[in-house]
Amino acid sequence: MTLFKGSGVALVTPFKDGKVNFKKLEEILNWHVECGTDAIIVCGTTGEASTMTEEERKETIKFTVDTINKRIPVIAGTGSNNTEAAIKMSKWAESIGVDGVLVITPYYNKTTQKGIFEHFKAINDSINIPIVLYNVPSRTGLNITPKTLLKLCDLNNVVAIKEASGNFSQLVEMKALCRDKIDLYSGNDDQVVPLLSLGGIGVISVAANIYPKEMHDICDLYMNGKTHEALKIQLDMLDVINSLFIETNPIPIKTAMNLKGMDVGALRLPLCDMEENNLEVLKNALENYNKTSREA
């Protein structure tokens, strides 16, 4: 089962006065539907899930499901380095109607490849909705190897992987081993077209928080044979995408949204305001891309 093709936004969580700003969240969700975003990924890394309480995460996920109301798929971040906690959250998410769950590798524990498989198998066996694996070694210190991914493909609910290793040798090996057994999403906004060329079907995107149409268009154009047009957008966006990762995500994207008047509020500690020199780089990149896109 394919959850979605195209651009799924790794959604920020708007805050106000220290709480989730549900009025702003509703506005953002409806805007994404209008802009052509293909899926919503809520309470992931970009959504600052790690600094939210369990109650806040549940309220935010349920609000998103209710607001979207089946217009596009909603995928909830339910991962944890505690397998039982991931199972509990995934079962709850299934019960309130999410279309799928995004489950990160169990960070910090530094388990083995066997442990990775057993972790995902336990989650797989506890639910009956699609699972998107999330491989991001730069954050977790743990990498899903191609051979482990091949084993994970045999789990009945594992349908896709968000691949953010940036290791294209590994991506080629994954595709060679797994072929069409699993859908492949880019976890890196600067590598969407290269990943699509390896048979990927989309991106789970940070940049889509401010550029939903562009990220959708990259995927849509490429998958409809207009590869040069897709590549042009990808290359035109390179500087602004790089600026969105000049500091730890989601610091720059949330800053960029506020600079654009989207009023998504502050970051929660230990995330903090940008360094002044990096903020200037971000401002310049946003301004330069706006000029380029207006002239196009």
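Glycine too: its Cβ is placed from the backbone N, Cα and C atoms.
Per Swiss-Prot, the features are:
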- Thr45: site 'Part of a proton relay during catalysis' (SITE)
- Thr46, Ile204: pyruvate binding site (BINDING)
- Tyr108: site 'Part of a proton relay during catalysis' (SITE)
- Tyr134: active site, proton donor/acceptor (ACT_SITE)
- Lys162: active site, schiff-base intermediate with substrate (ACT_SITE)
| said: Please report the Cα separation of Tyr108 (site 'Part of a proton relay during catalysis') and Lys162 (active site, schiff-base intermediate with substrate) in Å, rounded to an integer. | reply: 19
| field | For Tyr108 (site 'Part of a proton relay during catalysis'), the number of other Cβ atoms found within 10 Å of its own Cβ | value | 9
| query | In whole Å, how far is Thr45 (site 'Part of a proton relay during catalysis') from the residue listed as 'active site, proton donor/acceptor' when you measure between their Cα atoms? | reply | 11
| request: Sequence order is fine: just name those recorded positions in Thr45, Thr46, Ile204 with a Cα within 10 angstroms of Lys162 (active site, schiff-base intermediate with substrate). | output: Ile204
| request: Let me know the DSSP-derived helix, strand or coil state of Thr46 (pyruvate binding site), please. | output: coil
| remark: In chain order, residues whose C-beta lies under 8 angstroms from the C-beta of Thr46 (pyruvate binding site), counting only those at least six residues away in the same chain, are Ala10, Leu11, Val12, Val206, Asn209, Asn249, Pro250, Ile253
| said: To the nearest Å, how far is the Cα of Ile204 (pyruvate binding site) from the Cα of Thr45 (site 'Part of a proton relay during catalysis')? | reply: 11
| Which three-state DSSP class does Lys162 (active site, schiff-base intermediate with substrate) fall into? | strand
